[in-house]
Amino acid sequence: MSIIFHANLQHCMELVLSKPNKKRWHMAFATIYCSRAFSSHFKYTAAKNKSKVSPIPSHIAISDVETHLCFSKIDQYSSLAQLVKEKNLDQLAQSGGAEGLTSALNTNVEHGILGDAEDISHRQEAFGTNTYRKPPTKSLFHFVWEAFKDLTILILLACAALSLGFGIKEHGPKEGWYDGGSIFVAVFLVIAVSAGSNFRQNRQFDKLSKVSNNIQVEVVRSGRCQQISIFDIVVGDVVCLKIGDQIPADGLFLDGHSLQVDESSMTGESDHVEVNHSHNPFLFSGTKVADGYARMLVTSVGMNTTWGEMMSTISCDSNEQTPLQARLNKLTSSIGKVGLAVAFLVLLVLLVRYFTGNTKDENGNTEFNGSKTKVDDVINAVVGIIAAAVTIVVVAIPEGLPLAVTLTLAYSMKRMMADHAMVRKLSACETMGFATTICTDKTGTLTMNQMKVTKFVLGQEFMEERSNTSIAANILELLHQGVGLNTTGSVYQSTSETQFEFCGSPTEKAILSWAVLELNMNMEELKQSYTVLHVEAFNSEKKRSGVLMRKKADNTINVHWKGAAEMILAICSHFYDPSGNMKHMDDVERIKFNQIIQGMAASSLRCIAFAHKKVQEEEHEDGKSHQKLKDHDLTLLGLVGLKDPCRPGVKKAVEDCQYAQVNIKMITGDNVFTARAIATECAILKPDQDLNGAVVEGEEFRNYTPEERMEKVDKICVMARSSPFDKLLMVQCLKQKGHVVAVTGDGTNDAPALKEADIGLSMGIQGTEVAKESSDIVILDDNFASVAKVLRWGRCVYNNIQKFIQFQLTVNVAALVINFVAAVSAGGVPLTAAQLLWVNLIMDTLGALALATEQPTKELMEKPPVGRTEPLITNIMWRNLLAQAFYQIAVLLTLQFSGELIFNVTQKVNGTLIFNTSVLCQVFNEFTARKLEKKNVFEGIHKNKLFLGIIGITIVLQVVVVEFLKRFANTERLNWGQWGACIGIASVSWPIGWLIKSMPVPEKPLFSYLKWQNYMDADPEGHLLIQKKGDAD
């Protein structure tokens, strides 16, 4: 075998060495591929012999090649991972630097890895995948155990156990288990439903977390720039990094300019770290690119990175409590205290009545006769009284309120995902419903972000398409330099295809496409003919980018600038005419250029200008120390106009928001004319609108006094040429004026505004990872129409919770009053513990499921936003719930005291009638709770299959409980007439609901003067509070 191996190795070496002008590193190259050829039965790809591999020192070539031949020696790999973690420059130098490791990892600096399925498989097998071990997710048993820890549940279980024991002792196992057993079953049913819903919600959060973590990363494979999932990154990949990107794995700096990295997530240090070839080429997974751009070589992934080790120990806690949940917990607590007081009074009254001989059993005999009564009977009676009191507490405490919030938020999150909105922070779901103002970007949000160069101005003449032949050769060469080297984009053309592929931002792709297809620019030739000396990356403050380059042929040095047309024009003193002659730019010429720019902008075009300046060698040497590019006395090369059409449907989405009385403000970096044209096209500005004060520039807004800003901010509809600071300033002003502000953003510099806003909306396609992490909701399709849908869902969440509060409090008020009055006057509560728990299950869990999953309706967008000043429980809700509660109290107390006479039935049948009527009242009340103000409660009911299903299940179960579980539920079978009477009494809820909605209510909150309104999640004036970001941190 060794003879065959050496023969093939020799053969491959001869193939390589026979070609002239080959360097020593081709030896390593031959060794890799000939060894692989041997292992796969002499199958190798001849085409790969032509690809370039970076030169590496000869003393490591063979050893590293053999080590990484099939990526089998993990010890070597571990030391490579350690090299980056420890920032070991000496060891890196011994390994031949980043280039040496590139070749050792069988990667090409320019073209990346091969990237086919076999190559990826080998790398993943040897080095692992870019995933990390997560702590085990919480099981269903965990949530069951959490539910068991509830104090009231534990008390009820203790009562059930005592009741079961005494029942079996008194009546025997066959008959005596019913009372205690029924409480056990009811308690376990409550626990099962509660634990099941929490478990399901937790699983949903896990799914959303996976989607949230699935970042798209730009890599080069087989010479082609492509987007792949962060989980598909492998060791050896060449990754392209730009401002705002999260670094996907540990690795080494290959090439780039002005790279600054925010390592605060790893080190806690806020200062940005400069990464370069010489002093610090180490890059770490989980950190963020703060400035510049670069390419990196991936050296370790997944659990072999520091970030992976750290993340594997952190579990994602989905128990985030939203402001509304916190407020409802306070409300629950305050009502619970009232319930506890009532239950304690009931307990005292019942105990006093029992021990004074004022209670009788079913046969009319006095239950307590002093010493004649058995101890077992006394304990059993006391346990029954305690169970009744505890059950009153269970019914009185509206624990369904937080559950309803959780259910509606979880349901809304799932549905919003289908509407291209991924919720990162639960609180945003509800807060979006209060939004009064939305500040939106233009590019990609209102427009399609599919740019194309439609105008080209040279001198002061508009050039026709495909007119490169009429452009002077010197101008064409300078344009090629300015476009091809002053860019973060790239051009790819495979040998088998004639079509080009362009990579980068939409603006970069549009300009590169124009230069390649219409100006015949050749990117490969440019890169080989010029050396880039220094780069100033684009930033949203200066709105331009620059590059200093040297031509290899004659060593001439040029500085090129590209950016916003009026910004570049301001630093130019000369311009070229179409013939290639340089002319001085006086004030008259400058005015003409400004008119051209304004004319293009008025046609909704984004104007980009190119300018250059020749730099003398002496000037270059002098400028080396501070590395600042010349940005004065430039010569204008030309202007291009890029068309970015408005998204279809965006005008309607804007009008829908305006109809819902939500202000839309457009904040853009484009010039004022482009901004005005797009805003008019999108209906943000009306054709007949007074534009005085409605359209401002960022600088003008910035220079206002604080008083002027506060006075004018409401009228502003469009802010052009704005910086991220201007956006932040706008948000702060609006919040000071009491607005609830939603802001869209995609850039790294938008992070402060996204954090400051009540709701930060980042863009899923164009948004940087920094922007996404600063936001509350990610708009996955970058479309403003999706923002409008988020607004609708936010209002729906709030509306659903209000419906459930009304339904829940109706039952709470009725249950407390009925139980207290009955206990004081009659010496007993109308319903048994098991019956009360069944009512509790209907109103808490099933009611929450039915009412918290209503879908958004059209009328939600017909109301003004709630804002910061609306009480959580409105006067309308008090009117509705008190009317229903008083009716239920009147009916059930009438049945309690006169039901036996009215229906001519026994006490036990009367108890069943009370129980049945109470449950059916809740069923009918669920319908009236569907609409807080509208009289037609059946509108759209056919669309909510879950609501109808829960109503159906409740009715079926009620029939089963009454008719077939007599002993278990302590009920008697009812005849058709009695069922009809129960349904008839309960159905009166509908006409009462219809009539009561005709009654006007005062605008001032009903309990605005009561201090306990604070517990209803309002300020002392009864106003709804929206927790500001950072308050809970």
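Any Cβ shown, glycine's included, is placed from N, Cα and C.
Per TrEMBL, these features apply:
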DOMAIN    92-168  domain 'Cation-transporting P-type ATPase N-terminal'
TRANSMEM  151-168  transmembrane segment
TRANSMEM  180-199  transmembrane segment
TRANSMEM  335-355  transmembrane segment
TRANSMEM  378-411  transmembrane segment
TRANSMEM  809-829  transmembrane segment
TRANSMEM  946-965  transmembrane segment
TRANSMEM  977-996  transmembrane segment
Chain residues in Cβ proximity to the transmembrane segment (335-355) (below 8 Å; excluding those fewer than six residues from its ends, i.e. six or more beyond): 367-368, 381-382, 385-386, 388-390, 392-393, 395-398, 809, 812, 816, 819-820, 823-824, 827-829
Other parts of the chain folded back onto the transmembrane segment (809-829), taken as Cβ under 8 Å at six or more residues beyond its ends: 335, 338-339, 342, 345-346, 349-350, 353-354, 358-359, 388, 392, 395-396, 398, 836, 839, 843, 873, 880-882, 884-885, 888-889, 892-893, 896-897, 922, 925, 929
Integer mean pLDDT for the domain 'Cation-transporting P-type ATPase N-terminal' (92-168): 83
Counts by DSSP class (helix H/G/I, strand E/B, coil) across the domain 'Cation-transporting P-type ATPase N-terminal' (92-168): 49 helix, 3 strand, 25 coil
